Amino acid sequence: MEPRVGNKFRLGRKIGSGSFGEIYLGTNIHTNEELAIKLENVKTKHPQLLYESKLYRILQGGTGVPNVKWFGVEGDYNVLVMDLLGPSLEDLFNFCSRKLSLKSVLMLADQMINRVEFFHSKSFLHRDLKPDNFLMGLGRRANQVYIIDFGLAKKYRDSTTHQHIPYRENKNLTGTARYASMNTHLGIEQSRRDDLESLGYILMYFLKGSLPWQGLKAGTKKQKYERISEKKVSTSIEALCRGYPSEFASYFHYCRSLRFDDKPDYAYLKRIFRDLFIREGFQFDYVFDWTILKYQQSQLTAPPSRALNPAVGTSAALPPGISNIDRYTGEEEGRPHMESSRRRVSGALDNSGNISNQPTSSSARDSMIPSSSLFAQSAGSSRRVTAVSGSRDNFPGSEELLQRSRTGDVSRGVIPRNSPGEAGKSTRRHYESVVKGIDNLQVSDEHHPH
């Protein structure tokens, strides 16, 4: 007899595991919808699934928050049934040879700030923001960023009175040392400013490929955290952001200027990145680096490459051959008091090269390759010519930004325009031929629940 949980969910193959238990692919026996099922032994030393399920319930309905289908106890296990999601940003970062373009980073930043703002609006801090804890959706939501893993979240204010928790010092490090804020390293109680600083480190990690305090050697875990802290404190914002647009330094300066109980101006942070996005001449079309790479691979292989494996409320897709040391065990830069709640299973997608610094030249469909969104590159130019897909993730501000990018209505500067000429004509001819050729492009939906 096939194993079931909650009398309506079929337990399938294991797709991941972690210190808290196992992650399985599940199916709703009534609708045949694929889901993620987390199992945690009721006798585990640090139970977190019940707490996490309560937070998911509080956050239900928010954009980019996985839906919880069921929580309960089956035999010796706590069980959480929730949406099946796509690969994590760490997976996709690895897939793109560990570097993302400015365009991709800015499109992600807009959604990620929104997710953190929503989390804070519900009176909670995440306290463990990292690329592994942001996942992309599947199917029609493949361009939407989801936030997951609330095991270390903490309520920072009273939900009714909004009375903030008191300032405290001598706190142990909670979260992942690589992305922890300076104040967290210094033992100061975390607040909203610290989540945002962690997000800034994630963005620089995507742009640079690594952070200055990675790869430091030490004898013990405690010494490791101390070395990371020393390096982080000694690395100025200007040094960290050198070679990249000044908006990133402005982001960090703003985060570090906040007092302990200040409410951040999330709109300001989104605005500086949106204005940069417009000045660069980008189109808000949801064509990410991995979208282009996946399309390029589909053109080079027959049959086309399979999509990245779907994941659970924790990600389960990782292209083979990619080493990502100490992302889960905590031995390198993980959690000092609680092991990460995930391990990853291999995906099936190979990466043939890093396209982060290459001009974009192809297109994509909604799941990974939107058929009506593509780039056409003119000779010697990195300017984009884009037909924008009508099926977008409607997170706040995207339509406004798209309209501004079309009209050039920007508060800080004007988009430079290429002069017409043979290069432009060549671009248009190439664009038209690609549009004709891509109309019939089919991508397998075998892993998509929708």
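Cβ atoms here come from the backbone N, Cα and C positions, even for glycine.
Just so it is clear, the model here is predicted, and its values are computed rather than measured.
Per Swiss-Prot, the features are as follows:
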| type | residues | note |
| --- | --- | --- |
| DOMAIN | 9-278 | domain 'Protein kinase' |
| BINDING | ILE15, GLY16, SER17, GLY18, SER19, PHE20, GLY21, GLU22, ILE23, LYS38 | ATP binding site |
| ACT_SITE | ASP128 | active site, proton acceptor |
| REGION | 311-450 | region 'Disordered' |
| COMPBIAS | 328-342 | compositional bias 'Basic and acidic residues' |
| COMPBIAS | 349-365 | compositional bias 'Polar residues' |
| COMPBIAS | 371-382 | compositional bias 'Low complexity' |
The one of ILE15, ILE23 whose CB sees the fewest other CB atoms within 10 Å, among these binding-site residues: ILE15
Other CB atoms, at most 10 A from the CB of ASP128 (active site, proton acceptor): 24
Model confidence over the domain 'Protein kinase' (9-278) (mean pLDDT, whole number): 95
Distance [Cα-Cα, Å, rounded] between ASP128 (active site, proton acceptor) and ILE23 (ATP binding site): 20
For ILE23 (ATP binding site): DSSP state (helix, strand, coil): strand
